[in-house]
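Here is the structure we will look at.
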Amino acid sequence: MKSLKAKFRKSDTNEWNKNDDRLLQAVENGDAEKVASLLGKKGASATKHDSEGKTAFHLAAAKGHVECLKVMVTHGVDVTAQDSSGHSALHIAAKNGHPEYIKKLLQYKSPAESVDNLGKTALHYAAAQGSLQAVQVLCEHKSPINLKDLDGNIPLLVAIQNGHSEACHFLLDHGADVNSRDKNGRTALMLACETGSANTVEALIKKGADLNLVDSLGHNALYYSKLSENAGIQSLLLSKISQDADLKTPTKAKQHDQVSKISSERSGTPKKRKAPPPPISPTQLSDVSSPRSITSTPLSGKESVFFAEAPFKAEISSIQENKDRLSDSTAGADSLLDVSSEADQQDLLVLLQAKVASLTLHNKELQDKLQAKSPKETEADLSFQSFHSTQTDLAPSPSKSSDIPSSDAKSSPPVEHPAGTSTADRDVIIQQLQDTLHDLQKRLETSEAEKKQLQDELQSQRTDTTCLNNTEISENGSDLSQKLKDTQSKYEEAMKEVLSVQKQMKLGLLSHESADGDSRLREVRVTDEDVDALKQDLQRALEESKRDKARVQELETKLVEKEKAEATKPSSEVCEEMRNSYCSVIENMNKEKAFLFEKYQQAQEEIMKLKDTLKSQMPQEAPDDSGDMKETMNRMVDELNKQVSELSQLYREAQAELEDYRKRKSLEDATEYIHRAEHERLMHLSNLSRTKAEESLSDMRSQYSKVLNELTQLKQLVDAHKENSVSITEHLEVITTLRTMAKEMEEKTVTLQEHLASKEGEVAKLEKQLAEEKAAMSDAMVPKASYEKLQASLESEVNALAAKLKESVKEKEKAHSEVAQVRSEVSQAKREKENIQTLLKSKEQEVTELVQKFQRAQEELAGLKRCSETSSKLEEDKDEKINEMTKEVLKLKEALNSLSQLSYSTSSSKRQTQQLEMLQQQVKQLQNQLAECKKQHQEVVSVYRMHLLYAVQGQMDEDVQKVLKQILTMCKNQSQKK
């Protein structure tokens, strides 16, 4: 009984109780004092699991309560304790992003390399959560960075999958394996390309990620970048591949031959110009060598659904991707154009040819997607177009922009399918725009170079303290005028090209009027984007022209100042002061202009955003809206033309000013020194130019304010549009409700008037009744003494009732207390009953066990009885055998006697003696055997008796039970055999 009680006590300490519930609640609330008091009580443990497998220690880690952790550690909690899923407190703290808690656990010697059931460390969970501080703390405490979980992921792969770039950078800086693979063979670079994180891709490439690695399905990083549809990542990878290819290729002639072969074998859409992709990889070469496989490969599930439901959106997205790639390619080509030597130019040609080949591949894929339904006849035309476009790009011709549209017009025959024609026209327009933009960029670069030269000349002139001769000044003035003329002519040529492009766009818009409403809307949207791009380029050109003009004016003012300095010949210090003041003024002006230009650009971007929102909010009506969009486009083109005319006027004015300046210079050359009055006049002119510059600044500010006003107006329009679109229905509802309310109010007024009339009649009646009642009351008034007596009697009754009420309240409280006591007694009785029931259940279990033991003992007794019966049978058999043996002995004796009698007569004495001895020996042996059998039988009977007694007493050994069971089975087998 004592051992049973001890067992019950041990089980009670491990069971969940109220203190454990309170401990969980205190940890949930972060009450460290209550946690300390509860842990001091018996039975409460911080690592005890509840029904869900939670513990108070792990809950504190999930909540990040550091004070509770300190209290638990002082009470001797096991820091390495795990919950039902194998998570330690360190894992849970990292999972929930609590760096302070992690730091404390590591200080209390919690192992940083501990692993849960999934093979993950705390660093895996910190990387998945994206907590940079937690990752830093774990790395400082030497948590394994390249340890893989059951899925084959290291913390770097987990951070990339969850899109935490900062954690990725930190892990890479602390020695994470860049080329580590998961179970599917995917590297960190592949996962970063799939998630579309350009920063992480760049960091991985810098850390030496291998771009040629392939996963278990044979896909490389480029494939995953195409899945994410991120053009920036694709261009990054392609540029890296091209760099690696350039480093690896020993000779450039072989590469040139390979590219020329590929470009001759290739067929596809018209090629986009000056694309930066790298030389083709061996996988792409295999794809190119089998064009049938490219065209016959089916699209994936997502792509087929996309093209089936929204083909127009797919076309527009592909065109936009091409534009992005073209913009990237122009930047790459501009950077490549800086090469000067012949060897570098040859390298540049090889690179450009490789990039052209890769672009044709990409364009072919896009065209196959867009023209899946178009007839096969268009493929030959498109291949001819791509071949022609590649040749025109690679041929060194001076007039590229003029040759391209004619070649496209010759090489592109009319196709029956409308989608094919629209895409081809768009490609042609985009090519023309890109060419014109490229030429504009070149010219702007040349103008900037000229400006730099002018600035250098000015600086050299400033450094010279000696006075300049009039001849040198005139030469500088003539050089400036020539340069200004050159820049003006270049600018006019660029503007003419822009105008021609705009006219071509107009013609393209007019030619597409016969198409369907949806195609019109798509074309108008595309041209909208092109016009916006042109607008931006025009504005840049305008701003640069204004800057050029301002620079020219500055140069003129500086020249005038130098001439004045020559006339007056002031000291070098005064010159330097003047120079510094003018430089500071010019710098301030430039800063203000740059600031205003930035604000102007921001305002324009906001206007574009508002226009886009307005377009998205306006209802789309196919034919009417296309006409409206065309009108707006025409207006925008007219505005652009106006701006161009204004620019040309500005340049003419600048030219006129230059001519005036030349005339003045020629007059000044006549005389060696400038007169004081003339000097004052020149000062006046410089002040005028300054005022003009300030006026231009004010104009810029006014333009900026106008743009801001336009912005506010557009915002108001958007708000008004939103309010009207939402509140028209509400307004109608309000009007209807107001009308109904007015009708109801009118009806109520009528009813109220009627009610008033009735009430006035009732008031008159009541006044009459009041007068009558007053008269009756005056007749039936009670005297004051009787009234006071009644009041006293009523007060006494009220007091008595109040006393009774108090007594009843007291009785009620007593009854409540008795009820509470009864309830407590009932609850105690219930608890006792539950305890008794548990004891009863335990006793019943013991009784059932004893009954089972009793049944087993009865079965064993029955078996022993059977064994005793068999033993009695064996004894009887033995008795029978003994009797038979005695009979045989008697027979032998008789035979001996007979033989002894015969021996005297027949044989000699020797033989008789020998036979007698033999027989005697046999008899002795038989007697010995009989004695041994009796002994064995007695021993067996005694053993059986002992075992029967033990079985009756319930003290039989297990070995004996096993032997008895074996005997019973043997007896059963013998009976079955019989």
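From the backbone N, Cα and C atoms, a Cβ is placed for every residue, glycine too.
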Between THR249, THR269, which does Swiss-Prot record as phosphothreonine? THR249
Annotation match for phosphoserine in Swiss-Prot, from SER281, SER412: SER281
In Swiss-Prot, which of these is labelled phosphoserine: SER318, SER489, SER572, SER725? SER318
Long-range neighbours of the repeat 'ANK 6' (184-213), counting only residues six or more past its ends (CB under 8 A): 152, 156-157, 160-161, 163, 165, 168-169, 172, 178, 219-222, 224-225, 227-230, 232-233, 236-237, 240-241, 244
